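As structure tokens, the structure follows; a few thoughts come after it.
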Amino acid sequence: MSPLRELAHAKINLYLHVTGRRDDGYHLLDSLAVFAGAADELRLDCGYGRGGHVRLRIEGTFAPGLLDDSADNLIVRAGALLRAHVGTDVAARLPDVEIVLGKELPVASGIGGGSADAAAALRLLLKAWDLSVDRADLMVLATRLGADVPVCLDQLPARMEGIGEELTPAPGLPPCGMMLVNCGQSVSTPQVFRTRAPGFTPRADLPARWNTLADMVRDLSAQTNDLQDAACAICPEITAVLDSLRAAPGCRLARMSGSGATCFALFDSPEAARAAEPAVRQGKWWVWAGDLYRTGMRLDARADSLSA
Ligand SMILES: C[C@@](CO)(OP(=O)(O)O)[C@H](O)COP(=O)(O)OP(=O)(O)OC[C@H]1O[C@@H](n2ccc(N)nc2=O)[C@H](O)[C@@H]1O
Ligand SMILES: Nc1ncnc2c1ncn2[C@@H]1O[C@H](COP(=O)(O)OP(=O)(O)O)[C@@H](O)[C@H]1O
């Protein structure tokens, strides 16, 4: 049987406002997340053993940054959480699986690669194990894996609030192109949250849709990424990346995503983004250009979905 396959697309925060702080230290956010064509790939094969164990092998450009079979890997943790959720009796009957991760997204880089992998693993395992999990329960499991995991389940553009788990549809998006650049230094999300300047930014006022990129850029320019200054202080090369993106021909807006260090730029079209690549590419920088991922779908609406 051919392996089951899922793509785990990069999540980009077009803006990110820190709107408050919870008693447990987590920050309340207002952020607009979209997904880029850039993705990791997960392939799953069922083994002969039973018990629902997940073995993980990692290959691809960024495999050297991660360990095979580590219990800390979000894919392995997603498997363990799902197994615990269904209980010992059901878990005992689940086939063991091997997942091969093709790691093409830079690690710890503000584009939620690990979160996207965890969400893709949940989608794959629901299918491979023929499980039906209520959407609300699935969202709780996802949030336990990380604040960014819920939005990665459907890979649909979404406004993220709360700590990232309160999702509402994003404004309609215009055609555009995107470039992503990472300078090769990983930045710690907790450290960036810890060192950001104090104070909060109100939630943004967004329209129902943007008909043109110019409209979207006008509104996004009025928003901020409240983590950008802290990330630039920790990793000054982010400033060089932003300068380079802003100077690229056809760049309409450049900003950091999430807690960094990856930055994105918006262009009129995927072709315009790809044409600008040579002007930006330098040294060890990871550069990707293309379209947004526009065919994400609610998990419970997917024809191949077995979740309720
Ligand atoms: C900042 C964002 C924006 O989308 O993206 P990334 O930079 O990770 O891509 C996310 O909120 C990151 O989500 P995720 O990477 O899943 O974070 P988690 O594992 O849940 O949390 C890592 C740590 O970041 C801090 N954290 C995270 C989310 C949040 N809303 N408030 C926080 O203070 C906490 O210190 C937490 O212990
Ligand atoms: N499958 C995975 N891919 C990437 N990182 C992972 C994975 N599993 C666990 N991690 C850990 O999760 C942390 C966050 O990684 P990632 O999601 O790539 O970055 P970010 O949260 O900045 O977007 C990293 O420190 C990494 O070691």
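Any Cβ shown, glycine's included, is placed from N, Cα and C.
Automatic prediction, not curation, is the source of TrEMBL annotations.
Annotation comment: TrEMBL describes Lys11, Asp148 as active site. The annotation ATP binding site is assigned in TrEMBL to Pro106, Val107, Ala108, Ser109, Gly110, Ile111, Gly112, Gly113, Gly114, Ser115, Ala116. The annotation domain 'GHMP kinase N-terminal' is assigned in TrEMBL to 73-153. Here TrEMBL flags 210-281 as domain 'GHMP kinase C-terminal'.
Sequence features, as recorded in TrEMBL, placed on the structure.
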residue: Lys11; record: active site; contacts (Cβ under 8 Å, 6+ apart): Ala33, Val34, Phe35, Ile111, Gly112, Ser115, Ala116, Asp148, Val151, Cys152, Ser257, Gly258
residue: Pro106; record: ATP binding site; contacts (Cβ under 8 Å, 6+ apart): Phe62, Gly65, Gly113, Asn182, Gly184, Ser186, Thr262, Trp286
residue: Ala108; record: ATP binding site; contacts (Cβ under 8 Å, 6+ apart): Gly114, Ser186, Val187, Ser188, Thr189
residue: Gly110; record: ATP binding site; contacts (Cβ under 8 Å, 6+ apart): Asn13, Val187, Thr189, Ala231, Met256, Ser257, Gly258, Ser259, Gly260, Ala261, Thr262
Lys11 (active site), DSSP three-state class -> strand
Filtered by Cβ distance under 6 Å to ligand 1, the recorded positions Pro106, Ala108, Gly112, Gly114, Ala116, Asp148 reduce to Gly112, Asp148
Most Cβ neighbours within 10 Å, among the binding-site residues Gly112, Gly114, goes to Gly112
Among the recorded positions Lys11, Pro106, Ala116, the ones with a Cβ under 6 Å from any atom of ligand 2 are none
Grouping DSSP H, G, I as helix and E, B as strand, the residues of the domain 'GHMP kinase C-terminal' (210-281) number 38 helix, 10 strand, 24 coil
When pLDDT is averaged across the domain 'GHMP kinase C-terminal' (210-281), the result is 98
Surrounding the recorded ATP site, with Cβ no more than 8 Å from the Cβ centroid of Pro106, Val107, Ala108, Ser109, Gly110, Ile111, Gly112, Gly113, Gly114, Ser115, Ala116 and those residues left out, we find Ala10, Lys11, Leu105, Gly258, Thr262
Per DSSP, the domain 'GHMP kinase N-terminal' (73-153) contains 51 helix, 8 strand, 22 coil
